[in-house]
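Listed in Swiss-Prot for this protein:
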- Gln11, Glu69, Ser138, Gly142, Thr143, Gly144, Asn204, Asn226: GTP binding site (BINDING)
- Glu69: Mg(2+) binding site (BINDING)
- 426-448: region 'Disordered' (REGION)
- 429-448: compositional bias 'Acidic residues' (COMPBIAS)
Amino acid sequence: MREIVHLQTGQCGNQIGAAFWQTISGEHGLDSNGVYNGTSELQLERMSVYFNEASGNKYVPRAVLVDLEPGTMDAVRAGPFGQLFRPDNFVFGQSGAGNNWAKGHYTEGAELVDQVLDVVRREAEGCDCLQGFQITHSLGGGTGAGMGTLLISKIREEFPDRMMATFSVVPSPKVSDTVVEPYNATLSVHQLVENSDETFCIDNEALYDICMRTLKLSNPSYGDLNYLVSAVMSGVTTCLRFPGQLNSDLRKLAVNMVPFPRLHFFMVGFAPLTSRGAHSFRAVSVPELTQQMFDPKNMMAASDFRNGRYLTCSAIFRGKVAMKEVEDQMRNVQNKNSSYFVEWIPNNIQTALCAIPPRGLKMSSTFIGNSTSIQELFKRVGEQFTAMFRRKAFLHWYTGEGMDEMEFTEAESNMNDLVSEYQQYQDAGIDEEEEEYEEEAPVDEPLE
């Protein structure tokens, strides 16, 4: 079995993580104590991807929960699914990182990191064939961003050949929690570019928009936002957790989605989007799912793919779906919107099918796109970063923890490089490459 070890760091990561475990426990027929009382054999078949079987028919998530302050952990432990997790897997400090990336990455976080790695090692040893790691965190804070990226690079060192997927909540343009978000995010992206294999970008503002516009919620809570994120996370990992005709795992996903190793930042979407109560009022069809899935309003990152082009994308359908119908729809999308797909990667939509729909739905689809328009997101953070860094605002918080201004400059230029790489592939066409060769061809001049 191909197991995945899940890490959640910081407040945001722990809250999203908790929502994710709640969602997939439900899908696998586990109650809040991890005891199986499901109905279908299929729920058990690949349970071991995310769960360890303990004694007495109890299943325990392969999850490591990390934070630098006890608050969020206590909330998870007191929450509806608090009894699900193994008590030894809660690793927390007391001091907090105070939204300071340097504290999470260099001082406070570094003290805790060995303790976390011990737990990760123990989880990894309990696996038959570890496929990789997934980590949920935000990029705007101190613990999730600073310590999260520290853990990623440490795990990278120890398990260099395993996949590393991150679900990263990027700071959004209008909804901001702290003033130093641009610093934390830029320093984190600098790390993710090098150390992660696939990063699913999620953004609070886009989630708010989906809640307001599509789900008609007048004032969405973080619970509603986390519910959306967990729907996507559950969709991305469906193929790993249930048997299907066309399965993909983290590695296949990466092979199909990442044309150039640095460009692994994906936009995600989910269809059908229904608010938590309103599942049962309408039937959905494959064309409808496809249309909703490719709708920019459905993307969970605040960048509009119509401003860029898709390098690759992947569609994961769940439920009783006809293979042929899916393929026809995908071909249809590509033919009608060919300007939004780069022409130098033929058939760049990958599809996967899984027979088991999410709870309460007949069928659903998850969309993962590697679009060049994700650069908008980095550009936006980069502009805010430059505005503050030019004045050296708030820098003493970071230099006081032993960081150097050089690191900021490096992170900034690495992020700018990323943006221009995306831009370069957005502009690249097929003809340009041929023209270059023509220029280089020797001209047949008569010899003097």
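Using the three backbone atoms N, Cα and C, a Cβ is placed for every residue, glycine included.
A C-beta separation below 8 Å, combined with a sequence spacing of at least six in one chain, links Asn204 (GTP binding site) to Val169, Ser172, Val175, Leu225. A simple way to gauge crowding: the CB of Asn226 (GTP binding site) has 22 other CB atoms within 10 angstroms, across all the protein chains here. Under DSSP, Asn226 (GTP binding site) is assigned to a helix (H, G or I) in the three-state scheme.
Taken residue by residue with DSSP, Ser138 (GTP binding site) is part of a strand. For Glu69 (GTP binding site), the same-chain residues that are 6 or more apart in sequence and have a Cβ closer than 8 Å to its Cβ are Phe92, Gly93, Gln94, Ser95, Gly96, Ala97, Thr143.
Counting only same-chain residues six or more apart in sequence, the Cβ atoms lying under 8 angstroms from the Cβ of Gln11 (GTP binding site) belong to Asp67, Gly71, Thr72, Ser138, Gly141, Thr143, Gly144.
Cβ neighbour counts within 10 Å, taken over all protein chains shown, single out Gly144 as the most crowded of the binding-site residues Gly142, Gly144.
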